[in-house]
Amino acid sequence: NLNRTNWPKKIFNIYWNVPTYFCHQHDVYFNELTKFDIKYNPKGNYRGDTISLFYDPGNFPAMVPLKNGTYDIRNEGVPQKGNITVHLQQFTKELDEIYPKKISGGIGVINFNKWRPIFRRNVNNLKINKEVSIDLVRKEHPKWDKSMIETEASNRFEKSARIFMEKTLKLAKDIRNKNKWGYHGYPYCPTASTGNPSFDCDALAMNENDKLSWLFKYQDVLLPSVYVKHVLKPEEKIGLVRGSVKEAVRISKKFEHLPKVLSYWWYAYEDKMDTFLTETDVKNTFREILINGGDGIIIWGTMHDLNKEKCEKLKQYLSTILGPIAFKVMEAVKKRTPLNF
């Protein structure tokens, strides 16, 4: 029911995580974020007192795809072969160089997507991680059958993936303890596939998220991704957001510290990146985040979205559609009134 309303939470925040400093060279500024009650880093960069995003930090093992179809094997490629010390040393160095304590604070986001810690979830452009892992075991045990090899590969991969993700998070929390830390895109919930009328996470996905309790118990914030595709039907876009937020809230309630659920939301469509979400899609997705128990929205964008023309278009979009909707959400929160749009 697209017209349903609900009482919002007492505390809810909307954040701006777009590198709009890039627009300053074109004399385009986004000072109106303040009047729309959107929290942002004053310099318009990815890292500051309000929120800080770290892309592929440190030296995680990774099979980095190259344009010629081959891979750059970084830190031995897969976690079970990688050197954790080298990774953590590099991460510490990066934090010291680009994120000194004097500017630290707010939300700290680790964005690593070269593999997923659940072996089965390494599909499509991540399937190379499964292939390499299976090949390593096959070379060690050429007489084992396929099932034994895959089971052993999965066990080795997941055990080591946990070490890398867990120790990275603990290090961040230890040396930048003013931040509220979490991994971008977790918990993962592939909901809006055609043929899934409920849009809830399936039992297998929920079970796999439960297996990641070792990660979530250390996260201060849960950061599910709720980017939508233009090709989806309106109810599928709504369902994707609803399912992802509900799953993150379910995970949050498993822990005494109740990590906040802040959904990463992109103003462009995943499959049509030069097109902003329509006013209806913004309203529908924001509403779902709010009324299904979310604690906030992180509006995201990339430098690829920003040349002079795109900066001006984004500013116009913020002023006419995105900002006013965000303001209405925040007014409903502050006044404790139902959200009606």
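Including glycine, each Cβ sits where the backbone N, Cα and C put it.
According to Swiss-Prot, the features are:
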type: DISULFID; residues: CYS23-CYS311; note: disulfide bond
type: DISULFID; residues: CYS189-CYS201; note: disulfide bond
type: CARBOHYD; residues: ASN3; note: N-linked glycosylation site
type: CARBOHYD; residues: ASN68; note: N-linked glycosylation site
type: CARBOHYD; residues: ASN83; note: N-linked glycosylation site
Rounded distance in angstrom between the Cα atoms of ASN68 (N-linked glycosylation site) and CYS189 (disulfide bond): 32
Most Cβ neighbours within 10 Å, among the glycosylation sites ASN68, ASN83, goes to ASN83
Would you mind reading off the Cα separation of ASN83 (N-linked glycosylation site) from CYS189 (disulfide bond), to the nearest angstrom? 30
Roughly how many Å separate the Cα of CYS23 (disulfide bond) from that of CYS189 (disulfide bond), to the nearest whole number? 34
Cβ-Cβ under 8 Å from CYS311 (disulfide bond), same chain, 6 or more residues apart: which ones? THR20, PHE22, CYS23, HIS26, VAL28
So of CYS189, CYS201, which of the disulfide-bonded residues has the fewest other Cβ atoms within 10 Å around its own Cβ? CYS201
